[in-house]
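Colleague: Annotations for this protein, taken from TrEMBL, read as follows:
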COMPBIAS  429-439  compositional bias 'Acidic residues'
DOMAIN    165-265  domain 'Band 3 cytoplasmic'
DOMAIN    275-398  domain 'Band 3 cytoplasmic'
DOMAIN    448-620  domain 'Bicarbonate transporter-like transmembrane'
DOMAIN    645-965  domain 'Bicarbonate transporter-like transmembrane'
REGION    420-441  region 'Disordered'
TRANSMEM  476-498  transmembrane segment
TRANSMEM  510-541  transmembrane segment
TRANSMEM  561-581  transmembrane segment
TRANSMEM  593-611  transmembrane segment
TRANSMEM  650-668  transmembrane segment
TRANSMEM  688-705  transmembrane segment
TRANSMEM  739-760  transmembrane segment
TRANSMEM  781-804  transmembrane segment
TRANSMEM  867-886  transmembrane segment
TRANSMEM  918-947  transmembrane segment
Amino acid sequence: MIHTVCAELMLIFEEEKVESRYSTNVGRIFTMDFHTYSSEPHCPPLPRCPPSVDPPSVTTCGWFRRSPLHPAPRTSYDLRERICIGSMTTMETAVYQKVPTDDAEAEMLASADLDDMKSHRFEDNPGVRRHLVKKSSRCQLLQTTNSSSQLSSVKKKRTADKKTHEVFVELNELIVDKNQEMRWKETARWIKFEEDVEEETDRWGKPHVASLSFRSLLELRRTITHGAVLLDLEQTTLPGIAHLVVETMIISDQIRAEDRANVLRKSHHPPLPTAHDHQVTKHTKLLAKIPKDAEATVVLVGCVEFLEQPAMAFIRLSEAVLLESVLEVPVPVRFLFALLGPAQSNMDYHEIGRSFSTLMSDKNFHEVAYFADDRQDLLNGINEFLDCSIVIPPSDVEGKDLLKTVASFQKQMLRKRKERENIKKEVSQDEQEEEDQEVDPMKRSGIPFGGLIHDIRRRYPRYASDIKDALDSQCIAAIIFIYFAALSPTITFGGLLGEKTEGMMGVSELIISTATLGVLFSLLAGQPLLIIGFSGPLLVFEEAFYKFCQAQGFEYLTGRVWIGFWLVFIVLLIVAAEGSFLVKYISPFTQEIFAFLISLIFIYETFSKLIKVFQEHPLMRSYPPALSLPGMDFINPTDPGGPVLNQPNTALLSLVLMLGTFFVAFFLRKLRNSRFLGGKARRVIGDFGIPISILFSVLLSYSIPDTYTQKLNVPSGFSVTSPDKRGWLISPFGDKKPFPLWMMGASVVPALLVFILIFMETQITSLIVSKKERRLVKGSGFHLDLLLIVTLGAMCPLLGLPWLTAATVRSVTHVNALTVMSKATAPGEKPMIQEVKEQRVTGLVVAVLVGMSIVMTDVLRNIPLAVLFGIFLYMGVTSITGIQLYERITLMFTPAKHHPDHIYVTKVKTWRMNMFTIIQLACIVLLWVVKSTVASLAFPFILIMTVPLRRLILSRIFEERELQADSPNFDEDGRDEYNEIHMLV
């Protein structure tokens, strides 16, 4: 009996000795050099796991599972006693460890490799033992330093990190280099989209959406079904991970025990010549695009001839660890996927590796990988991925147009996927109502001036941070840019306003009004990111009111004073009733009509002025003295007392200056969204397009001094545009004759009309600036800003200054200039907004600089009016081309087969889409007729009537689905400031 037990124990010892010899080289093939190709890298020793550590979750699946040959001994003893021969003493262990595993290793491996390999041969590796031997319950004490006490080696099992992180995936393939040696080579990577290494040029290609073969996905699912899955593995080194992976492959019968030495053998190759500094720079740029808390997935695939069948292992570490020389950038690794197999297999290892890498880059699947408890969870995640994937039939595709429907179909599937996710999310109704209450600043409180009080309480306590947050270099750059962006339209509208009002108001008045109101608004506003200024709709109203006063014999400037008084009364009523919520009812239907009308007016006025120039300076073969021309008077250009007529080449030069200004500004805007130059250079040039175009045309006109062109009328110094017609103070009771008493009360009507324009532009601009996507944290001030703009503007008529409003394009440009984009953006992904520098200083400084521009009168007087006409044409064309109504008008004359794949085309029948467009055109025609008659002053009232038309009448003709489809999408990609809004500059 005693002899039988001894014999069995000897068999156990011999078997363990043999298996220990095979496990010597564990980790060698997976610890091959990835990026630093040294011939003899040093592998750090594996940490010795104490006996009390529980084995990790090892899930294996195979057709045959080996069982222990002998039952576990009933007595407890130290497991390390089993790893040496019974006759071997402890002193002889060091000598025995240097014995090579086989002759091939003895000849091929260096002494350092042998020492490193043998040092791990007899370590205790929990979770991969072939025999379930009962561990000793006695704790072993480790000898510590003199300053510390003896601590127990028993460690509590660490809980796995279940928090999801951003992902970085790297695909490495096992190749044979020119020296016929095997090494790992990185062939692709994923941050969000796939980037492949181009074989010919050995550089990274453009990021793209990965296109996978359906068979590779099925093969991947099959390999995971029969492969090794190790979850929450507690290892911190690559050799330790490789030990467990190979042993698990043997247990699951994926590889044979005799193939262990070949699988784990180290491959050697000389270091590749690289430029160190250049590589560091490239890796630094790549690391900046990866999120800070990202965790990496390493995918290893390759062909090896000694395997009979493919072997796969998926490993999820309990915690992410930095593995040296595994990735091209130092990112902690959390997942590993290894697939090796013979070349004769039907598998395409490269495509399977791409498939798994794409799965891990998918947001939903990598969440499944983090929370998976077993193999089945991973398989379910693959099935969900397949449910949202698209299969393209193997047909010849000639032209990109045949694949346009793929993008729309994918969007539909993603939308359904998000809907299913939203259904699964359980959000209580009370929490949702509280959230809506916090993010809706226009929700009525039910008390007088409740919205105004809420704006003041929310914004003014942040006043100190509004000053402190301006201490940033980006604010300085924004000041320079916004100054030119604000000065250009101020000069343009000032010159045109002087033309419309015959010099009653002009450039001087508009500059002073913009500076004064800009400073006060920046100091007191609830949303100081708004830029206030003059706009196209106000210009149209000023022209209409001036014509009305001229026809009725009223003093124009005195009438504006009484309109200002009534504006204060109207805005107090609206703010007290919290009327800012009414902006919700101004739909894109009304905004498109208004913007289209103003754009047409801009374009019409531009060519109308040009025709007038051709009439005053006609083209003739020769230009005799003016006295010999019937009906023509010649005034010397140096005489400022009268108009200049019949000048040679004036009309042609005016045409050149107008078109030159327009095309330079237009193409610089196109350059911003093109592929020329770098991104920052394009943005700077595109943002300064209008100032550059004005400077170009002024220099062109200055270089041709012999040809006369009408210049901008700007007085010298601090003076009104026409000192002979008016002064700085305007009397409410009339200057040259008394203002009628009935007109003082009747001024409430034009006051209501101009309030409609200011209300629409200000509140719509505030909505655009305060969109959730901009990540503003200090809130907005719809009620406070409306009160300030109208009240301050109402005081301007007492000084003969024009009204102002929130300028939409300038405000959006200001916010964009202060926006900080995230640097950790995946290649091919649109940068996300990180923060916006919300402060008051930039708007304040810009207003001061615009006011100081009044001293540049000598420069401003050299700007030809034809240049301003070109800017006017630019504003009209850019605004009209960014409106969806313009696109639908062009579709009315386009065959249906050439219609684009837009939602308002695919979701609405063509004849119903055209009917909706015709209704909008009918409203525009009606507004144009009203504007062209003596009732032009009432065009804001006709405009506001389109709001009930849309809500009460069109809702009965069209379905809500059709109305939503015909409404523009504000969140489309690739749209700049002019496309983002539907109000004019």
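Cβ atoms here come from the backbone N, Cα and C positions, even for glycine.
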Colleague: Short question: which residues 6 or more past the ends of the transmembrane segment (476-498) have a Cβ under 8 Å from it?
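Modeller: Beyond its ends, the transmembrane segment (476-498) has Cβ neighbours at 505-511, 514, 531, 533-536, 539, 542, 605, 687-688, 690-691, 694, 712-713, 721, 802, 807, 810, 813-814, 817-818, 837, 842-843, 845-846, 849-850, 853, 860, 863, 865, 868, 871-872, 875, 985.
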Colleague: Using a Cβ-Cβ cut-off of under 8 Å, list the residues of the same chain that are 6+ residues beyond the ends of the transmembrane segment (593-611) and lie near it.
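Modeller: Contacts of the transmembrane segment (593-611) (Cβ under 8 Å, skipping residues fewer than 6 from its ends): 496, 499, 536-537, 540, 654-655, 658, 760, 865-866, 869-870, 872-873, 875-877, 879-880, 883, 885-886, 920, 923-924, 927-928, 931, 943, 946, 982-984.
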Colleague: Which of 165-265, 275-398, 645-965 has the most Cβ pairs closer than 8 Å to the domain 'Bicarbonate transporter-like transmembrane' (448-620)?
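Modeller: Per the Cβ under 8 Å count, 645-965.
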Colleague: Do any residues, 6 or more residues outside the transmembrane segment (867-886), come within under 8 Å Cβ-to-Cβ of it, and if so which ones?
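Modeller: Contacts of the transmembrane segment (867-886) (Cβ under 8 Å, skipping residues fewer than 6 from its ends): 488-489, 491-492, 495-496, 536, 588, 592-593, 595-596, 598-603, 605-606, 609-610, 654, 657-662, 665-666, 669, 690, 693-694, 697-698, 701, 712, 904, 917, 920, 966, 968, 975, 978-980, 982, 984-985.
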Colleague: What does DSSP give as the helix, strand and coil breakdown of the domain 'Band 3 cytoplasmic' (165-265)?
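Modeller: Output for the domain 'Band 3 cytoplasmic' (165-265) reads 34 helix, 33 strand, 34 coil.
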Colleague: Look over the recorded stretches 688-705, 739-760, 918-947 and say which has the most C-beta pairs under 8 A to the transmembrane segment (781-804).
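Modeller: Looking only at 688-705, 739-760, 918-947, the most contacts with the transmembrane segment (781-804) come from 739-760.
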